[in-house]
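Per TrEMBL, the features are:
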type     : residues  : note
TRANSMEM : C:12-31   : transmembrane segment
TRANSMEM : C:70-90   : transmembrane segment
TRANSMEM : C:102-121 : transmembrane segment
TRANSMEM : C:133-154 : transmembrane segment
TRANSMEM : C:166-188 : transmembrane segment
TRANSMEM : C:194-214 : transmembrane segment
TRANSMEM : C:235-257 : transmembrane segment
TRANSMEM : C:263-282 : transmembrane segment
TRANSMEM : C:294-318 : transmembrane segment
Amino acid sequence: MEQILTLAGNNLISPIILSFALGVAASLARSDLSVPEAAAKALSIYLLFAIGFKGGVSVSSHGIDAKLGLTLLAGIILSAALPLIAFALLQVMTKLSRLDAAAVAAHYGSISIVTFVAATSVLESSDISSEGYMVAVAAAMEAPAILSALWLISRGGDGRRMDGDLMREIMLNGSIVLLVGAFFIGWATGEEGLAEISSFVVAPFKGVLCLFLLDMGLVAGRGLRGGSGVLRPGVLAFGITMPVIGSICGLGAGLLLGLSTGGVVLMMVLSASASYIAVPAAMRVALPEANPSIYLTLSLGVTFPFNLTLGIPLYVALATALTGV
Amino acid sequence: MEQILTLAGNNLISPIILSFALGVAASLARSDLSVPEAAAKALSIYLLFAIGFKGGVSVSSHGIDAKLGLTLLAGIILSAALPLIAFALLQVMTKLSRLDAAAVAAHYGSISIVTFVAATSVLESSDISSEGYMVAVAAAMEAPAILSALWLISRGGDGRRMDGDLMREIMLNGSIVLLVGAFFIGWATGEEGLAEISSFVVAPFKGVLCLFLLDMGLVAGRGLRGGSGVLRPGVLAFGITMPVIGSICGLGAGLLLGLSTGGVVLMMVLSASASYIAVPAAMRVALPEANPSIYLTLSLGVTFPFNLTLGIPLYVALATALTGV
Amino acid sequence: MEQILTLAGNNLISPIILSFALGVAASLARSDLSVPEAAAKALSIYLLFAIGFKGGVSVSSHGIDAKLGLTLLAGIILSAALPLIAFALLQVMTKLSRLDAAAVAAHYGSISIVTFVAATSVLESSDISSEGYMVAVAAAMEAPAILSALWLISRGGDGRRMDGDLMREIMLNGSIVLLVGAFFIGWATGEEGLAEISSFVVAPFKGVLCLFLLDMGLVAGRGLRGGSGVLRPGVLAFGITMPVIGSICGLGAGLLLGLSTGGVVLMMVLSASASYIAVPAAMRVALPEANPSIYLTLSLGVTFPFNLTLGIPLYVALATALTGV
Amino acid sequence: MQTHRAKRVEITIEAIMQSRLTEAVQKAGITGFTVLPVLGGSGRSGEWTRAGEIGRASGMVQMICIIRSEKLDDLLDAAFSVVERHIGVVSIVDCEVLRAERF
Amino acid sequence: MQTHRAKRVEITIEAIMQSRLTEAVQKAGITGFTVLPVLGGSGRSGEWTRAGEIGRASGMVQMICIIRSEKLDDLLDAAFSVVERHIGVVSIVDCEVLRAERF
Amino acid sequence: MQTHRAKRVEITIEAIMQSRLTEAVQKAGITGFTVLPVLGGSGRSGEWTRAGEIGRASGMVQMICIIRSEKLDDLLDAAFSVVERHIGVVSIVDCEVLRAERF
Ligand SMILES: Nc1ncnc2c1ncn2[C@@H]1O[C@H](COP(=O)(O)O)[C@@H](O)[C@H]1O
Ligand SMILES: Nc1ncnc2c1ncn2[C@@H]1O[C@H](COP(=O)(O)O)[C@@H](O)[C@H]1O
Ligand SMILES: Nc1ncnc2c1ncn2[C@@H]1O[C@H](COP(=O)(O)O)[C@@H](O)[C@H]1O
Ligand code: NA
Ligand code: NA
Ligand code: NA
């Protein structure tokens, strides 16, 4: 317990978390501080490229693990199954309509790549290594949750179905393509490739992450200001309960698969985190009647900060204890 | 004298100054070279974050100085008083209307953070250290000048007053919030935090400053081209006299406070520099009838380049001579 | 031969080339991956500034070569002459109208600065040094080709002529001004200036180039998708034949001038590459009736990838063999 | 100067729906349009701004389509089929154009 | 397709005044509008462009507001109270809209 | 509120021609206009988007010019002289403006 608190404490006063907090505070105080959309997108392109590339390099140097296939499969199953749990939980804990509940559920099956990135950066600081292919698992977990949520809705008698266009859009979503593409580039070019561009993808990484989290804080704060009306106690409680439940599922999967401590942490983080890019976009197309301020505020304003501040240290502590390292 | 010339010479052929000159030249030659607005804003966010953060780290490692409070107070007084001097000077030297004179005066009480940044980078090259909290002083000096200028106008019988909204906008101006926020982040995370992100906030700093000054040169050149009509000799002379007067006030304050050589230089630079972000925006809201091309051209086209090229070496020489280092 | 293949192989699996390939693939697969315009422009500003600056520093440390003047002259002559060859070739190989042929020809006389940058980065990896002033030669070769192409058209009886405005626009084109300006800044500040900003202009260079090529791949792929209709076999064949012919002209010039191996390679690359920024813009003004999808698709979709993947290793091999190093 | 009567249709729609609108409009035989970026706005679903956003879930674009009057109904049908279940605004204005042969 | 008469009001105003205009307009009971970015322009106070600017002192935005005719006067009064002492342009066009219930 | 009749002219033109259009329009005695960025579009020369572009060869801007009716012909002549050989669209709408003295 003490260890968790220390880790959480250290985590809380890292520049990364404080940058996020600064963004939230500035936004709630109605400061006009803002990051231009193009700059925010450029930062996210950098982060996706760097994290994918480094994952690929790590796979190229440690060789492919027999567990890769199984871990990918576990990720896909988790992504597809977690929305069902989330949906059930939402129907118990909140008064959201089936439509809104399904839309929210989809977010919790899918993943937040920034939470993943923040976790890798905590792992690095704590010298805990992890499987490079967890990046690929992250990519694999983006989409299945969307299908589950749409299935939940169609079961409810609503004839709405996934069309081919949407399917393609989801699978070829810019962030998935960049993450997976950079992963393969890193894999193909290996340590040699890394040496060429490490002063770009490694050295400034954490600093860039600070600015990106500043922006996420600004956007989250704006969302909280505008969307606080939808944050009934039940909904709010869900936003904190669900990541914990997700992380436990991820923990189980990680232990079963026999992943490294870092790998287990990342599996927990992926399961615990909620999408705020791919899934919201898909929901606007497939379920336009669902209220975006509910799922955006929950995902970016509640679950993301929870994972960033308390969740990650908790997951690290649990995984460390249970993998016995 | 020779020392000043050498320093000025060295200063003039630094990549930073030459980048600014390139921007001005390209703009005057009507080249279509331009930096996208979003990129320019991203550069300024980087610079504010880095300079604030480094200031905070420096305070965290050198401990808080008993002089911090007094220096902040001195900054606020200077910011509030300099517009009165500037206003009097403008009425003597130029034929500007009371309104235009007050608007210009506000700019000279407030500060230019890029001039501050450029000065810290000259100090670093010359191995002159300074108080980390000068960043906080910079932030504190942004706003009081605006109040002074509005008071000058209201004294003239014009019933215009500061409204609460404007007050909040000025105090929670994005650049102040970011500077102060990053300062606290640096303070809280200290050397450890710096170690994590120094390859982002320290290593590439000067290079980023070059590109930013290239952009400032482009904007200043455009302003000079469009606003050269307003630059009557008296106005022009003011743009060079006022920073010298300001710097002397800053020098006095710095010596009285017993700041380090670098601290005195920065106090001079803050007093000598003129705002071109926070104050112009406030003037457009509070004094929309004042002519923006006068204050923008003066601040960015005359005083900024003067400080950048001749002012800073002069202030360094004076401070070095008088603090006897 | 084997050496070429090895070099080509190494070249092909570099992060730079693979990033371009990723962009093309994402675009052809209709992924929504995209780099914001402002970010792409910022990347190009960085690359132009860095490459110009480093060229200038190199000239400042190796001194001016007696060959500088002659090399510049050779560059200008090549730029002016290559469109005539290209035009003749187009009339033999394709059925393009005179207007379209002239517009395409202009592109092949001018140069692609990214191809140049990619080549310098291959040279660096292979430890082959080159004359720093080749950057100035690159700048000098941008414009003459445009004049040649307009002369070709006016010879055809069409009274269209270059106006002064267009002339100024071409010569003071943002990318030329930045490249030449940064070259002079590098020259003036020398190794000392480089030391100040090398962690900005040197260290992250290749990584930035990767992201830039990702974007160029996205744009090229989009062009191929939209413009594939215009890529008749003859036109396509021209897009691969012409760079080879150009490179041979560059090779002859480089050998005659007695340039270093690296210098010969860069001369070949400049001659072989086709413009996709300065010339297309000039063509839209001067020859608006020419079909942009022909010249843009050829230049960016065919010749650029050819040079990037096969051309550069080929030119390096030829130059190495013939300069006997 | 000779001008010709036409309709200017302005469709403000979610960015994520842009490709679907484009396709529908093109299927209706209309090939000319211009898309403007939108910075922010307000409506029944609240206020929003694009500042700092990286996703495409929020954010709108504005498509402007200038057409001959006789094509108006086709365009509106196409647009409506896309915006029907979505937020968004369609407005039509009478206008005059130069170079009518282009429309 | 069934359309309904409405007014399209376009207000070009300094970026720095946007929040004040928004507030005034909302106080006048109007909740729907769209804000477009502006690249540059020219007027009695000269020519300007946003390229490379970091401040918000220069630079304008364009607010487009589609409303029922009966609300026009309220909107214009609200807008006028904000632009009165400021630079900026207000223009009104008659338009037709789909889905009138939204306005 | 008192409004005055005017014309709203919207010219969609290649970004590279913007300075030439501006000059021509100013020579025709018109000093007020606003330029909007354009994200993308489609026309007889195909579909395009500005995403990721660094050149100015592709890409358009939209100039909006509000003028008194009597200046319309001068403006159209000026605009036409520039767009004549180029792609681009010119449309004119009747509008009402506040503060007529500004136009
Ligand atoms: N009356 C209106 N005039 C202009 N734009 C509007 C109007 N109503 C809605 N919009 C735009 O459409 C978006 C969605 O509107 P709504 O569906 O009402 O939430 C808003 O955010 C605005 O950008
Ligand atoms: N007649 C006009 N048509 C369109 N936009 C205008 C017009 N006049 C002014 N503007 C816009 O309003 C800004 C300020 O105009 P002004 O107050 O005349 O300097 C200009 O920079 C333009 O963006
Ligand atoms: N009917 C139209 N309505 C609106 N914009 C158009 C129209 N036709 C063309 N455009 C715009 O003008 C550009 C060039 O058109 P075009 O000359 O037909 O290729 C297009 O890419 C659009 O941005
Ligand atoms: Na999850
Ligand atoms: Na000052
Ligand atoms: Na060439």
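Every residue gets a Cβ built from N, Cα and C, even glycine.
Keep in mind that TrEMBL annotations are predicted by a computer and have not been checked by a curator.
Contact between the transmembrane segment (C:133-154) and the transmembrane segment (C:12-31) is not supported: fewer than 3 Cβ pairs lie under 8 Å, counting only residues 6 or more apart in sequence. Sequence-distant contacts of the transmembrane segment (C:294-318), counting only residues of its own chain at least 6 positions beyond either end whose CB sits under 8 Å from a CB of the stretch, comprise 3-4, 7-8, 10-12, 17, 20, 24, 96, 100, 103-104, 107-108, 112, 114-115, 118-119, 122-123, 126, 128, 213, 216, 219-221, 223-224, 226-228, 230-231, 235-236, 238-240, 242-244, 247, 251, 265, 268-269, 272-276, 279-280, 283. With a cut-off of 8 Å on Cβ pairs spaced 6 or more residues apart, the transmembrane segment (C:12-31) and the transmembrane segment (C:194-214) reach 3 or more such pairs and are scored as touching. Sequence-distant residue pairs (6 or more apart) of the transmembrane segment (C:194-214) and the transmembrane segment (C:102-121) include at least 3 whose Cβ atoms are under 8 Å, placing the two stretches in contact. Within the chain, the transmembrane segment (C:70-90) has long-range Cβ neighbours (under 8 A, six or more residues past its boundaries) at 96, 101-102, 104-106, 108-111, 131, 133-134, 136-138, 140-145, 147-149, 152, 238, 241-242, 245-246, 249-250, 253, 256-257, 259, 263, 267, 270-271. Long-range neighbours of the transmembrane segment (C:102-121) within the same chain, counting only residues 6 or more positions beyond its ends whose Cβ lies under 8 Å from a Cβ of the stretch, are 16, 47-48, 51, 78-84, 86-87, 90, 96, 130, 134-135, 138, 141-146, 148-150, 152-153, 175, 179, 205-206, 209, 212-213, 216, 238, 242-243, 246, 265-266, 269-270, 272-280, 282-283, 287, 290-291, 294-295, 298-299, 303-304, 307-308, 311-312, 315.
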